[in-house]
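A.B. asks: Dumping the structure here so I can ask a few things about it.
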Amino acid sequence: MNSNYLLSYGSEDHGDRKVYIVYMGALPRGMYSPSSHHHSLLQEVVEDRPSFSDSARGSRKSEVVSVFPSTNLELQTTRSWDFLGLQQPTGITAGNSTAGSDIIVGMIDSGVWPELPSFNDHGLGPAPAKWKGACKGGANFTCNKKLIGARYYSSSAASARDADGHGTHTASTAAGSVVPNASFYGLASGVARGGLPSARIAAYSVCDPSGCSSEQILAAFDDAIADGVDVISISIGASSAQDIDTDVIAIGGFHAAKQGVLTVHSAGNSGPDPGTLASVAPWLLSVAASTIDRKFRTRVVLGNGKKLVGNSVNPFRLEGKDLQLVYGGTATSSCEESEARACSSGCLEQSKVKGKIVVCDYKYGQDEALKVGAKAVVFPDIIPDVAFLSVLPAAPLDPTSFDSLVSYARSGGKPVVKMLVGETVRDSGAPAVASFSSRGPNTIIPDILKPDVSAPGVDILAGWSPEASLTDGDKRRNGFNVISGTSMACPHVTGVAAYVKSRHPDWSPSAVKSAIITTATAMRPNNGSNDLAYAAAEFAYGSGQVDPIKATNPGLVYEATPADYVRVLCSLGYDTKRLRAVTGDKSTCPAKLNGSATTSLKDFNYPSIAAAVDTKKPFKLAFTRTVTNVGGKSTYRARVVQVTKKGNAATAAAAMKIGVTPEVLSFGAAGEKKSFKVSVAGGGIDEQGFASASLVWTDGVHSVRSPIVIYTSIAAY
C-alpha cells in the first residue's frame with residue numbers, strides 16, 4: 001500500500017458518534033505493520049478524551065498529517081461508443097491477449113453484479129502479472145478473468161455485489177465485455193460493450209443506501225493503487241467544490257498520480273448554473289456529460305388526429321387502443337383544483353381515472369396515477385434533453401404540446417388518445433452538453449479550466465443489477481438500464497484512457513490526460529442567444545467531445561509531475577500543513593522558483609489555458625507551456641483559432657490579441673521537449689463575460705488543440 005489512512009471512530013459528545021479520518025501520509029519504507037501501528041495510536045488518543053479530533057492531532061504530531069471528519073458523497077451503451085468513432089474490434093468477445101488485456105480498470109463505485117454477461121471472461125487469459133489485488137467481494141461473490149478483483153468497505157454491506165445498479169452501469173460502460181442483443185425491453189437494441197472490452201476490471205464498493213463515505217473512498221483509492229490498476233474511474237462527488245485539502249477524491253487522485261495512475265472523475269450533476277462543478281483538481285480528468293445521436297421518443301395521437309411527441313423511454317405496449325383522456329384537475333372532489341391538476345397524493349378519484357390516460361401538471365403525479373389504476377400518464381417535460389423513465393407508460397411533452405393536450409382534454413365529450421410504444425430516433429444536434437451537467441468556472445483554482453472534456457452521458461444503455469429497481473418504485477428487473485448523468489460520461493472517458501494506455505503503456509497519467517484533452521472535437525456553444533453566460537461554451541464542455549482514435553496519436557503532449565502539482569497548491573497560498581494534507585509527504589513550498597518569489601499558475605503546464613481577470617479592465621497576460629513530442633521527426637506551426645460566437649462574446653473574442661513565441665517548433669525524435677509562450681491581451685471583458693479561442697499546433701498530420709479562455713471572476717456574481 002502506498003499511503004496510510006487510519007480510520008477511527010471518535011465522539012465530540014457522548015450522544016453523537018462521528019467518523020474521523022486520521023491521515024498519516026505515505027507509508028514508511030521497509031517492514032511495517034499498519035494495523036498494529038494504528039491500534040497503538042488509537043489507544044493513545046482514546047484515553048485522552050474529550051476531543052478525539054484534537055487528541056489525534058496532538059498525538060505523535062510528526063506522524064499525523066491531518067484529521068478531518070468523514071462525510072457522505074453522492075453517486076453522480078449500444079450506441080455511444082460507435083458515436084465516438086470507436087468501432088467494435090473484429091473478433092473480440094471479452095478480449096484477447098493482444099488487444100489491451102493487460103490493462104486494469106479500477107472502478108470506485110457501488111460494486112458490480114458479477115454474473116452479468118457484461119463481465120464474462122470469454123477469450124481472456126490469466127490476470128496480468130502486475131495484478132496484486134484479491135477477490136474479497138464477500139459471500140457468494142465470485143471473480144473471474146474479466147472481473148479480477150473486488151473489495152467492499154461498508155460495515156452495513158455483506159459483499160461488493162451491487163444492489164444499486166450504478167456501479168454495474170459504470171463498470172460495463174468503461175470496460176464491459178461484448179454483449180450481443182442487448183436492449184431495454186426491445187428498445188435501443190444492439191451490441192453493448194465497454195470502451196476497451198478486453199480490459200480487466202477491479203471493483204471497489206464504497207457506497208451503501210446512506211451514501212458513499214469519504215473514509216471508504218480513501219481506503220478504496222489506497223487499495224486500488226496498491227492492487228496495480230492502470231486507471232481509476234470514480235463517478236461520485238460532492239454537490240459543490242471543496243478545498244483541495246479536504247476533498248477526498250482530490251487527495252486520493254493525487255496519490256494515484258504519484259504512483260502513475262490516472263483518475264477520471266465525473267464533473268457533477270448540478271448544472272446549468274455557473275460554478276457548480278465539483279471536480280477541480282488539475283491531476284483529475286474531469287468529465288462533463290453530453291448527448292449522443294440517439295433519442296428516445298413516445299408518440300401520442302389525439303382523437304382529433306393531432307400527433308404529439310413525448311420524451312421518454314417507454315417499452316410498454318397499449319396495443320394501439322384509443323383510451324379515454326382525463327385531466328387531473330377534473331378527476332377529484334376532495335382537493336383544490338391546483339392540487340388535482342398536479343395529481344397530488346390522495347387527489348385522484350379511482351372511479352374517474354382507472355383504465356384511462358391521465359394528464360398531470362407535475363411529473364411526480366405519475367405516482368398517484370399509478371396508485372389509482374391509470375393506464376398511462378402525460379405531463380410537462382422539465383428536462384427536455386433527458387428521456388424520462390417511468391413505472392407506467394408516460395409521455396413528457398414540451399410546453400406547447402402539453403398546452404394543446406390540456407385544451408383537448410378539457411374540450412368536452414369523451415376525448416381519447418393513443419399512446420404508442422416508444423422508439424428511438426436520430427438526433428442530428430448531438431453532441432450537446434446536458435442541461436444537468438455541472439459547469440465551470442473552477443471556483444477553487446480559477447486559472448485551471450474545468451471541466452476538461454465532455455463525453456456521452458445522456459440516455460446511456462449499459463449493464464444493470466437485477467436486484468436494483470430500474471427507477472423509483474419500479475418492480476421490474478432487467479440486466480440493462482437507460483440512465484443519464486455525468487456518472488455515465490465519466491466511464492466513457494475511463495474507457496478512452498484505458499484504450500490509450502493499452503497503446504502506450506509507458507505514458508504518464510498527465511500524458512494520457514493531455515492526449516485526451518488536446519484531441520477532443522470542438523463543440524458548439526449551446527445557447528447562442530445568451531453566450532456570455534458561463535453556462536455556455538468551454539465552461540460546459542471543456543476542450544470538447546473525446547475522440548478515442550485521435551487520442552492514441554496526439555503528436556504532442558503537455559506533461560506535469562507531482563512536483564508541478566505541489567507548485568499549484570503553493571500558488572494557492574497553501575502553508576506546509578495544508579500542503580502535506582494533500583501530498584502525505586514532507587513537501588514544502590519553494591521560497592523561490594525560477595528567480596521569482598512565487599510560482600504562477602499561468603506557467604503550470606496544463607493542456608488548456610485559462611485566467612480570471614477583473615471586470616472591464618484591460619488585461620495583458622503571459623503563459624508558458626512545454627510540449628513533449630510523442631511522434632517522430634516533425635515540425636509544428638502554431639495557429640490561433642477564434643471561436644465563432646454571437647453578440648458581445650464575439651466582440652470580446654475578436655478584440656483579444658493572442659501571440660505565440662516561437663511560432664514554429666521542430667522535433668528530431670520522440671521524447672524531445674520544446675517550450676513556448678502565449679501572450680493574451682484585451683481591452684476588458686464585461687461582467688459575467690468571457691472570451692475564448694484555441695491554440696492549435698499542427699504538423700499536417702496532428703492537430704494539438706488547447707482552449708484559451710479569459711473570463712471575469714465568478715466573484716462578480
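Just so you know, glycine gets a Cβ as well, placed from its N, Cα and C.
What TrEMBL records for this protein is below:
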- 100-544: domain 'Peptidase S8/S53' (DOMAIN)
- ASP109: active site, charge relay system (ACT_SITE)
- HIS166: active site, charge relay system (ACT_SITE)
- SER487: active site, charge relay system (ACT_SITE)
- 603-710: domain 'Subtilisin-like protease fibronectin type-III' (DOMAIN)
A.B. asks: Just counting, how many other CB atoms are there within 10 A of the CB of ASP109 (active site, charge relay system)?
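C.D. replies: Around the Cβ of ASP109 (active site, charge relay system), 32 other Cβ atoms lie within 10 Å.
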A.B. asks: Averaged over the whole of the domain 'Peptidase S8/S53' (100-544), what is the pLDDT?
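C.D. replies: Computed over the domain 'Peptidase S8/S53' (100-544), the mean pLDDT is 94 on the 0 to 100 scale.
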A.B. asks: 10 Å Cβ neighbour count around SER487 (active site, charge relay system)?
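C.D. replies: Other Cβ atoms found within 10 Å: 30.
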A.B. asks: Work out how many Å separate ASP109 (active site, charge relay system) and SER487 (active site, charge relay system) at their Cα atoms, rounded off.
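C.D. replies: Between the Cα atoms of ASP109 (active site, charge relay system) and SER487 (active site, charge relay system), the distance comes to 10 Å.
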A.B. asks: Whole-number Å distance between the CA of SER487 (active site, charge relay system) and the CA of HIS166 (active site, charge relay system)?
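C.D. replies: About 8 Å separates the two Cα atoms.
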A.B. asks: Give me the DSSP three-state residue breakdown of the domain 'Subtilisin-like protease fibronectin type-III' (603-710), ordered helix, strand, coil.
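C.D. replies: The domain 'Subtilisin-like protease fibronectin type-III' (603-710) comes out at 10 helix, 61 strand, 37 coil.
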